[in-house]
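Encoded as structure tokens, the structure appears first; notes follow it.
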Amino acid sequence: MGMSSLKLLKYVLFFFNLLFWFCGCCILGFGIYLLIHNNFGVLFHNLPSLTLGNVFIIVGSIIMVVAFLGCMGSIKENKCLLMSFFVLLLIILLAEVTLAILLFVYEQKLNEYVAEGLTDSIQRYHSDNSTKAAWDSIQLFLQCCGVNGTSDWTRGPPASCPSDPLVKGCYAKARLWFHSNFLYIGIITICVCVIQVLGMSFALTLNCQIDKTSQALGL
């Protein structure tokens with residue numbers, strides 16, 4: 001691999017990470033917007049920090065940090081930054097694989113936990129504005145009512161519930177939505193993993209090539 005190939009690899013990795021840095025900025029900004037306006041509220045009160053805004057902020061921040069290391073490491077040909085970029089991508093990839101395995105192994109327990117959390121939060125609908133906002137958003141988006149149906153609402157279904165008396169509960173609708181979109185979710189997940197592996201490969205290749213170039217120049 002000559003100097004021209006090294007430059008090509010360097011700029012490919014730079015623009016690749018620059019694009020993701022801008023994506024991270026957008027995700028972070030959207031998360032801050034959701035957090036300020038609190039449009040979706042808190043659904044699980046035993047995990048009050050688990051809101052859509054917080055999730056977007058965390059994901060956006062991680063993407064920005066990793067992409068920044070990739071950008072600076074490639075354009076400056078800095079081995080330390082490149083290896084930091086590689087290690088962070090590897091940790092994120094291993095964390096994603098571990099999470100997928102845990103979700104598969106403990107699927108039944110997770111389903112029970114979610115159902116219990118939803119049942120508990122529905123009792124707070126009239127006393128907590130954040131919970132009310134979360135339930136209204138979910139019921140309008142999924143066109144569902146309550147956890148298992150309209151009978152969950154002891155004071156009668158709220159205005160965000162569809163008028164159909166046979167409407168399904170949000171728990172069943174959420175599972176149905178997930179299973180109907182499983183193919184798209186799988187494709188997106190695989191694409192993310194492939195991008196991460198490509199980023200790691202480019203970083204490692206560039207790092208090795210910097211070593212070879214330095215040796216050839218007698219540095």
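Note: Cβ is positioned from N, Cα and C throughout, glycine not excepted.
In TrEMBL, annotation is done automatically, which means it is predicted and not curated.
Noted in TrEMBL for the protein shown:
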TRANSMEM  12-36  transmembrane segment
TRANSMEM  48-69  transmembrane segment
TRANSMEM  81-106  transmembrane segment
DISULFID  Cys145-Cys161  disulfide bond
TRANSMEM  182-206  transmembrane segment
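A contact between the transmembrane segment (182-206) and the transmembrane segment (48-69) is absent, since fewer than 3 of their C-beta pairs, 6 or more residues apart, lie under 8 Å.
The Cβ of Cys145 (disulfide bond) has Gln139, Asp152, Trp153, Pro157, Cys161, Pro162, Val167, Lys168, Gly169, Cys170 as same-chain neighbours under 8 Å, each 6 or more residues away in sequence.
Counting every protein chain shown, the number of other Cβ atoms lying within 10 Å of the Cβ of Cys161 (disulfide bond) is 23.
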